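Now, the feature entries from TrEMBL:
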TRANSMEM  A:49-70  transmembrane segment
TRANSMEM  A:82-103  transmembrane segment
TRANSMEM  A:123-144  transmembrane segment
TRANSMEM  A:201-224  transmembrane segment
TRANSMEM  A:254-273  transmembrane segment
TRANSMEM  A:279-297  transmembrane segment
TRANSMEM  A:309-328  transmembrane segment
TRANSMEM  A:334-350  transmembrane segment
Amino acid sequence: MSTETTPTKTVSDYEAVLNKADTAVASFQKDDSTLIHRARGVLRNNPTLIPALVLLTAVIIFGIIADNFLKIGALSTILKQVTVTGFIALAQTLVILTAGIDLSVGEILVLSSLIMGNLAVNAGLPVGIAVIIGMFFALLMGLLNGVLIAKIKLPPFIVTLGTFSIFRSLKLWYSGSESIRNADIVEKAPGLLWFGKGINLGGASILYGGITLMLLAGVLWYILNHTAWGRHVHAIGDDPDAARLSGINVDRTLISVYGVAGLICGFAAWIAIGRVQSVSPIGFENVNLASITAVVIGGTSLFGGRGSIVGSVLGAFIVQVFITGLSLAGVDDYWQMFAAGCLVIIAVALDQSLRRASQ
Amino acid sequence: MTQQPILQATGLMKRYGTVVAMNGADFDLMPGEILAVIGDNGAGKSTLIKALSGAVTPDHGTIELDGKPVHFRSPDDARASGIETVYQNLAMSPALSIADNMFLGREWRKPGILGSVFRQMDKPRMNAFARQKLSDLGLMTIQDINVAVESLSGGQRQGVAVARAAAFGSKVVILDEPTAALGVKESRRVLDLIRDVRARGIPIILISHNMPHVFEVADRVHIHRLGRRLCVINPKDYTMSDAVALMTGAMEIDGNKAA
């Protein structure tokens, strides 16, 4: 021993009293003292319940104040109106779960619908081939967003704001600012309009597009909750560094998320052609913001990692129920937008307060 | 000691621009031991640990696992070789459940077509494994492994992270400052946990600034100074103040004592 100091005791004395200490590491205060607390607990564990309850309440209220609202006609109109926004909201949900945002989804949709229309109607390709090529370009556009975000490390907002403009100018150049008329599609490529057909139910039709929306939502729900890729999408949005250290290939997952989002937009392009029965370069201008609105109202957090596909579909329905309901109740159009805006703010406020309660 | 080290590094060099983080650092870890790595801030111990866990690729030098040279290009490579690291920030996803976090990045898929075509995770099997590993380490005060990690206390989170490393780290477990953010009682649990992991035959590298904790659990103490290993001491032969003096350069090493 080179110094004369007495050896320090290796077991620290101050911990001796621990023998008598309470052995429980941490106990959880049961948060069920009042009904409100208990309700908050249930909502926190089942975040999809909130949009579901809001939707139910809205339907009941509009059913009372607007005479025609609960008729099958109005309900099938809502489903028709919601279809395209719903598809884009599904794509947007994937992106927002990774704490990203995609402002270019609407432009991808329109540009790929123009490609499908042009190839099928003007170039005379079979509808199936035209659709596949259109979806392929939609995938490429999504992948471009993903590569710029994951590899060049640019913020998603900036990247997709840029590609929004780029895709927008491309769509005007490609289409020469001209629409493809309904009569031409009916004559040369009726297959493009297939999703506008539907099953007749007591005087109102449920379009194949709406049914497909539900099917796709189910598929995505399964992927997000029952596959490793879905877990990784959540983990990346939650904490990208932790995800990387856990061995997740963050870059590849991010690129795949934007790619899949693009692909969904490409598929939605086909649905959109069926919905409006023509192809126009200036349609679906609002779908970008409408998709974000639906996702947020559906309870998915813009900060990533938390949210659900089902919530986004419900969110899209909530917005449309408000718009249709207010319109049937005779409220001016301006106030419909006003109501949608209020909904977004209330939804985020609710999300924040639940989050605080969980910390 | 004639035993073969399980993990050995020789002459590691790493330079960041003009900063030399490792300057010929050596390292060895014996089977079944707890080796503490201590060093002043900036001594390069975290770079050493990152090289061993695959987060940093050294410019020069060799790393051998079980006597065979290895070249880790990412933490995944190190993990595939059986080296698991518990990072100081734990690398857990707060919104995901305990079971999800334990399997993050290495999910098990269901057998048959459900797994191969539909990529379905085998949740029942993963949950059972997670529950088993947690109760092996006496951590089943955590009742429900499907609760989100964010609802756990700091000690419980550390416990889950250590259990994850112990469950998958077949060769070596690296713990970076496991008690730094914990209270007295929680630290005690984690130290017990570290001993439990050693008792299962897995050697541990423990990085810590907490001398009482180091001297309590470590079999040997690796003292890092100025980018290289200064010495390895047996905590039974030295005092904590000696260790601090060595680590800061206030005392020269006495060759005979080095373990």
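Cβ coordinates come from backbone N, Cα and C, glycine included.
Recorded stretches compared: A:201-224, A:254-273, A:279-297, A:309-328; the one with the most Cβ pairs under 8 Å to the transmembrane segment (A:49-70) is A:309-328.
Here the transmembrane segment (A:201-224) does not lie next to the transmembrane segment (A:123-144) in space: the count of CB pairs under 8 Å, restricted to residues six or more apart, is fewer than 3. Between the transmembrane segment (A:334-350) and the listed ranges A:123-144, A:254-273, A:279-297, the one holding the most Cβ pairs under 8 Å is A:279-297. Contact count against the transmembrane segment (A:82-103) (Cβ pairs under 8 Å) is highest for A:254-273, out of A:123-144, A:254-273, A:279-297, A:309-328. Packing against the transmembrane segment (A:309-328) from elsewhere in the chain are residues 47-48, 50-52, 54-55, 58-59, 61-62, 65-69, 74, 77-78, 81-82, 85-86, 89-90, 92-93, 213-214, 217, 220-221, 224, 290-291, 293-300, 335-336, 339-340, 343, 347: each is 6 or more residues past its ends and has a CB under 8 Å from a CB in it.
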